[in-house]
Amino acid sequence: MYRIAVLPGDGIGPEVIEEGLKVLKAVEEKYGLRFDIKKYPFGGEAIDKYGEPYPEETRNGCLSSDAVLLGAVGGPKWDGLEGDKRPEAGLLALRKSLGVYANLRPAVLYPSLKDASPLKNELLEKGLDILVVRELTGGIYFGPRGKEAIGYGFRAYDTEVYETQEIERIAVIAFEAALRRRKKITSVDKANVLESSRLWRKTVEEVAKRYPEVELNHMYVDNCAMQLVKNPFQFDVILTNNMFGDILSDEAAQIVGSIGILPSASLRGDRVGLYEPIHGSAPDIAGKKIANPLATILSVAMMLQYSFGEEEAAQDIRKAVERALEEGFRTADLGKGIVLSTEEMGDKVVEYIKG
């Protein structure tokens, strides 16, 4: 039995989570799996109920589960709160308590959605499938920082710091992911300038020796940003640090044309993971039944693959999503086609899973 903590969260979170759970029920029945699913308050919902975004009840539930499935957090209702009391602070606390350090963000462009991409159609005939593996807990976002007054103003600094062990563990996750894909890794750094990047490159090369079947190449981050829009098909897995990954994963997401179909996973060394769509809580459309549930449904597929090792069930979900899109079914954010509500899109995916 697989234990799943579900955090519906705020805005459209509860709506898209319901469709994700509907898909879980379908694969549970089809593949004879068993899921122990428990919902917990989180984000703004938890603030309204408990006065904090990540209450002890939720924390204990997440820490005793095999995986966490999150909807979305935040909204203007809570914007006036202090930083550590806002819904988004709960997300940082959740990641820290779970000990996740690797963020995996697939950017998949289905041929049927190529008109939604800002790239030229002739670049997109083959579709697109990139996985960005970003280190989450080190680098310039977490290094020493400060601000001090000087004679004519201020001086501020942030420090990029990485240790061998931090680089090694994220590299292992990237190489393991590459084994399930096209067996190609592009490690992105700035080794021509930064000492931390030189350590990054050296460490990744050492890890690569354990994976002779995976092709490794290196690329400077500025060139990678250019190549993503010039020739995105050259990439399979992109491995990079915290700040570079923050930027490149958003760039890759925009190539796809809609964040409504993009899932993500945050992992640590074992099978425990946090799964969530990359879109926000979209309070402006909450309750209107037009939110796109596909990113959450595809996050469920990632959970089945990475936390539970249920590769066949995960692929079944992805194929059902692809079929729905190929047959012209859309939610409002995806443009022209047979426009479905949030619930109807979930039902369509379930229909194709059941066959």
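Glycine residues also receive a Cβ, built from the backbone N, Cα and C atoms like all the rest.
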Co-listed substrate-binding residue [Swiss-Prot; alongside Arg95, Arg105, Asp222] among Arg134, Arg198, Arg201: Arg134
Where Pro87 (NAD(+) binding site) falls in three-state DSSP terms: helix
Neighbour tally for Asp222 (substrate binding site), based on other Cβ positions within 10 Å of its Cβ: 12
Candidate nearest Ile290 (NAD(+) binding site) in space, where candidates are the recorded positions Arg105, Arg134, Lys190 and distance is Cα-Cα: Arg105
Arg95 (substrate binding site) and Gly83 (NAD(+) binding site), Cα-Cα, nearest whole angstrom: 16
Alpha-carbon distance [Arg95 (substrate binding site); Pro87 (NAD(+) binding site)] in Å: 13
Other C-beta atoms that fall within 10 angstroms of the C-beta of Arg95 (substrate binding site): 18
